[in-house]
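Below is one structure, written out as structure tokens, with a few remarks after it.
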Amino acid sequence: MERGAGLWLGLLAVFFVLTYLVPLEGRLLWQPDETRYAEISREMLASGDWMVPHLLGLRYFEKPLAGYWMNNIGQWLFGSTNFAVRFASVFSTGLSALLVFTVSWTVGRQLRQSLLAALIFLSLLLVFGVGTYSVLDPMIALWLNAAMAAHVFALRADRRTTRGVAWLLLGLACGLGFMTKGFLALVVPAIAVLPVALYYRQLKATLGYGALAALLAVLVNLPWALALSRLEPDFWHYFFWVEHIQRFAAENAQHRAPFWFYLPVLALGSLPWLGLLPGAMAAGWRARRVQPERFLLLCWVVMPLLFFSVAKGKLLTYILPCMAPLALLLAAYGRECADKLRSKVFDANAGINTAFALCAIVALLLAGSGLLPWARIYSVGEWPRIVIGTLVFAGWLCFAAVSRRSQGDRWALAAFCPLLLSLLVGQIIPQRIIDGNQPQEFIRRYETTLNQSRYVLSNHVGVATALAWELERNDVLMYDDKGELAYGLEYADVQGRHLSRDDFPHWLAKERLKGDVALLLLLDRRQDLPPGLPKADKVHRNHRIALLHYQQLPCCEQ
């Protein structure tokens, strides 16, 4: 084993455990994303139907099946826990780190360098932020990272058979990616591969091997696609036109954002390595003739970034697949700078981390001091959260200082800057944000009342899925707003699962004769209860969330 490699292997393992595993159970689930995916898998396991996704008992056609299956396995192994909900994301991120290690080892045959590349990947702010959060992006990123690795193997292959196997692996990865999140898994590899083929004049061969990969991707998806089409003929219409065309290209696309949206996301997501980012990208371009693998990695960063920037709909999680090739570029550039004793690069990176941590500390103090009333998000009694936040970013400052020099591998200790943030972020979040965005705590406080209610309703899909998850029931009704369940509510066999404001008083007068009714509302900040609601027997409110409890009436009061 190379000198120092054992130390970095141990540090990598400790970092993964502390950052990706230890905090999972202690953090409350966020709505709408985490509660949505938790409840979909809970309903799949409860019903035994792994083919047709349902949310609150309604058809839910926004994504294919593989991501749900991975989440199902997490809950099957670890039960109805927050750890189980997030396990698939962490597992996928861990496998992506293994792919980063494998690619680095394949290219350079340097064990220490490969371990550092994996550590850099796991420490990127965007990676550990999304990788410990229950969404499908870490899973699609895993398959796209596998496709990227297969592309590296194909580029380095010196025999036709080896190259063909690599392209088949790329096709398999794309097929599994399509099963996870759809056509994105086909588009991203295609646009990343194209400039490499053009620059190295391999277009004809690439098209041939690409056709082979595409055929395998189709064969991987054909069985479940046909089976789901037979069970739910409307799935492909909704999934293709609504989820892909409208989300990415239509004028009314979801999550619209300007073209430059991903530039600040990439900058912040690259912390604590932002100081190395420009040099790493430039080095990837300069090395295109002597190190084609680095140019390939550059294409896997830049081309998807451009594609997502052009798309009308944008979310910060979309560029997660760019981070594995970026980590490889950062590791290679960092090693070059360390070998050449170019300490100014590491000084700059440490300076950026220092400035970021100081700004975060100042922002925390301002948010709790009341000096800026419009920016105050902490109440008077929440000073312990501010103290914890200050300690978190003080830790960021300490590791930034340690990483300032290129001596040995000290520069790589910048990876530990976000360690305390990952461990303690749940203790920093203000209560008003917890109540509106992490309703588990509020629901558990009134769990007895909710469990005793014959009917439970909510005006927000995220809160409704949190109710369903905590109470283990899929019959939560929607009040007023339909949200992302609008399509599923159109089916004739689920009529009565949504109540408008006008219909609710009449429905309540009838149904509370059969049992208690609980209505959980998510309100805007400083919003009063909506007008026109029948008077509740009990009202429990905390910031943006309110529970209205209507007790059962005896039949004689009809």
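Each Cβ is built from the backbone N, Cα and C atoms, and glycine gets one as well.
Feature annotations, courtesy of Swiss-Prot:
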TRANSMEM  4-24  transmembrane segment
TRANSMEM  87-107  transmembrane segment
TRANSMEM  115-135  transmembrane segment
TRANSMEM  136-156  transmembrane segment
TRANSMEM  178-198  transmembrane segment
TRANSMEM  207-227  transmembrane segment
TRANSMEM  257-277  transmembrane segment
TRANSMEM  295-315  transmembrane segment
TRANSMEM  316-336  transmembrane segment
TRANSMEM  355-375  transmembrane segment
TRANSMEM  383-403  transmembrane segment
TRANSMEM  411-431  transmembrane segment
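Sequence-distant neighbours of the transmembrane segment (207-227) (same chain, 6+ residues past either end, Cβ-Cβ under 8 Å): 51, 64-65, 154, 163-164, 167-168, 170-172, 174-176, 178-179, 186, 190, 193, 197, 236.
Taking residue pairs at least 6 apart in sequence, the transmembrane segment (295-315) and the transmembrane segment (178-198) share three or more C-beta contacts under 8 angstroms. The stretches the transmembrane segment (136-156) and the transmembrane segment (257-277) do not meet in space: the count of Cβ pairs below 8 angstroms, excluding pairs fewer than 6 apart in sequence, stays at fewer than three. Remote same-chain residues near the transmembrane segment (257-277) are listed as 120, 123-127, 129, 305, 308-310, 313-314, 316, 318-319, 322-323, 326, 330, 333-334, 337, 345-346, 348-353, 356, 396, 399-400, 414-415, 417-418 (criterion: CB distance under 8 Å, separation of at least six residues from the stretch ends). Between the transmembrane segment (316-336) and the stretches 87-107, 115-135, 355-375, Cβ pairs under 8 Å are most numerous for 115-135.
Between the transmembrane segment (4-24) and the stretches 295-315, 355-375, 411-431, Cβ pairs under 8 Å are most numerous for 411-431. Distant neighbours of the transmembrane segment (411-431): 8, 15, 18-20, 22-23, 26-28, 116, 119-120, 122-123, 125, 128, 132, 271-273, 334, 337-338, 346, 349-350, 353, 357, 364, 367, 377-379, 382, 384-385, 388-389, 391-393, 395-396, 399-400, 402-403, 405, 438, 542-543; these residues of the same chain sit at least 6 beyond its ends, with a Cβ under 8 Å from one of its Cβ atoms.
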